[in-house]
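Straight from TrEMBL, the features:
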DOMAIN    9-428  domain 'Major facilitator superfamily (MFS) profile'
TRANSMEM  49-71  transmembrane segment
TRANSMEM  78-98  transmembrane segment
TRANSMEM  104-124  transmembrane segment
TRANSMEM  136-156  transmembrane segment
TRANSMEM  162-182  transmembrane segment
TRANSMEM  243-265  transmembrane segment
TRANSMEM  277-300  transmembrane segment
TRANSMEM  307-329  transmembrane segment
TRANSMEM  335-361  transmembrane segment
TRANSMEM  373-397  transmembrane segment
TRANSMEM  403-424  transmembrane segment
Amino acid sequence: MGVIKQYLAGLTAAFGAFCLGASIGWSGPMEQPVTSGAAYKFATSNDEWSWISSMLNFGAACMCVPVGILIGAFGRRLIMLIITLPYFLGWGCIIGAQKTFMLYIGRFVVGACGGAFCVMAPVYTTEIAEIQFRGVMGCFFQLLIVHGILYGFIVGAYCEPFLVNVLCGILPLVFLVIFFWMPESPVFLVQKGKTEKAEKALKWLRGGDADVSGDMAAMAADSNKEKATFVQALSRKVTWKGLGIAMTLMLLQQFTGINAILFYVNAIFEKAGTGLSPNTCSILVGVVQVFATIVAILLVERAGRKLLLLVSAIIMGVTTLLMGGYFQWLKDENVGWLPILAICLFMVGFSLGFGPVPWVIMAELFAEDVKPVCGAIVGTSSWLFAFAVTKLFPLILEQFGPVVTFWVFTVFSILACLFVAFFVPETKGKTIDEIQGVLGG
């Protein structure tokens with residue numbers, strides 16, 4: 001029974017990722033209705049749409065550090081419940097938008113709340129899970145993000161724009177209802193000296209008859225450890241090296257093209273002339289991403305981190321090379337299936353390595369006392385890189401065309417291969433002390 005309750009609490013916390021995924025998936029099918037004026041009483045330019053899309057990432061970047069402070073002061077559960085209010089209000093701005101700036105505000109707020117869940121849900125899930133379940137439960141967040149993206153693609157394909165907004169906008173309320181019944185993190189309760197409440201929460205999670213004295217003692221010992229300050233975190237050579245590796249992986253994760261493809265998938269397929277509707281193609285991409293993510297979850301503890309990253313970069317490089325080649329030489333050659341295959345394989349490659357693995361490595365590169373500070377820095381940088389790619393992609397596409405755009409992604413995939421091969425340490429099966437030794441060597 002304890003296992004079921006831990007999985008239940010972990011999945012409900014990760015439903016915030018589903019909400020974020022739906023917000024990401026919203027962009028693809030809604031681009032044409034919004035820019036044409038079919039969705040609202042106004043139309044937007046391509047530049048305005050690029051701001052609407054990228055505001056999600058900018059909002060998320062702005063929340064990584066503040067939400068870490070908030071959950072440390074007021075608790076994981078309470079802040080997750082409170083954040084649903086601005087999340088819902090952000091969607092309210094999108095639903096009732098009368099001018100373009102309301103879409104900017106709505107997308108920024110929705111992104112900020114989604115970015116907050118990127119910090120809160122993994123922390124909560126890690127703290128409620130027994131050691132033997134942490135690996136699987138740690139993957140819930142990524143798994144529900146890709147399911148949320150697929151949800152956004154599906155409702156965007158088959159519903160009117162107003163209903164699409166409503167069906168995405170109600171998701172934070174669904175989270176509020178299902179997560180309301182979950183306990184606070186026992187780790188947070190111990191940190192605040194609320195040992196009786198912590199024990200009660202642990203017994204609920206482990207099962208009523210479970211002996212939780214060992215867990216309580218471990219949490220008490222950990223809470224007494226002194227955490228590093230911001231200055232202390234950045235004063236060590238190994239910390240700087242870890243930050244350099246983690247932030248470069250996040251840059252390569254974005255500049256190999258993932259968010260450009262996810263946010264503009266319908267526009268890409270429309271330009272490609274595949275013979276299928278862009279919405280059908282995007283749903284196919286979403287389904288492939290879900291299955292590829294499940295495979296990645298099964299492989300991440302079996303294969304080495306470097307191997308998965310290398311395979312991922314090679315697949316992404318080959319597929320973006322194919323996409324550029326298609327637009328350069330084959331668009332009029334009746335091979336409309338090629339871009340569909342290439343984008344689907346790109347999603348497989350990304351999901352196998354550069355999707356989940358940079359986050360896994362980030363969690364392994366830093367000592368426990370600097371992990372919160374460094375995690376906030378890396379998380380913020382990841383969303384800022386995503387913002388840059390999402391904002392610039394349509395402008396580069398319009399200025400230079402799809403050939404140059406996709407081949408730029410190919411170049412970054414090659415750089416990713418070289419960086420992983422020569423600079424990224426293998427962390428699989430190593431303790432934190434062993435990894436710190438490798439970084440300091």
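If you go along the chain as it appears here, the first residue is 1 and each next one adds 1.
Glycine is no exception: its Cβ is also placed from the backbone N, Cα and C atoms.
The transmembrane segment (307-329) is in contact with the transmembrane segment (243-265), judged by 3+ CB-CB distances under 8 Å for residue pairs 6 or more apart in sequence. If you look at the transmembrane segment (162-182) against the transmembrane segment (78-98), you find at least three C-beta pairs under 8 angstroms, all six or more positions apart, and that counts as contact.
Residues 46-47, 49-51, 53-54, 56-58, 60-61, 64-65, 68, 115, 118-119, 228, 230, 233-234, 239, 242-243, 246-247, 250-251, 253-255, 257, 259-260, 263-264, 267, 362-363, 365-366, 404-405, 408 of the same chain lie 6 or more positions beyond the ends of the transmembrane segment (373-397) yet place their CB under 8 Å from a CB of it. Mean model confidence of the domain 'Major facilitator superfamily (MFS) profile' (9-428) amounts to 89 (pLDDT, 0 to 100 scale). Within the same chain, residues 24-25, 27-28, 31, 53-54, 57, 149, 153, 234, 278, 281-282, 285, 309, 313, 316-317, 320, 343, 346-347, 350, 354-355, 358, 361-362, 365, 374, 377-378, 381-382, 385-386, 388-390, 393-394, 397, 405-406, 409, 412-413, 415-416, 419, 423-425 sit at least 6 positions outside the transmembrane segment (243-265) and bring their C-beta atoms closer than 8 Å to a C-beta of that stretch.
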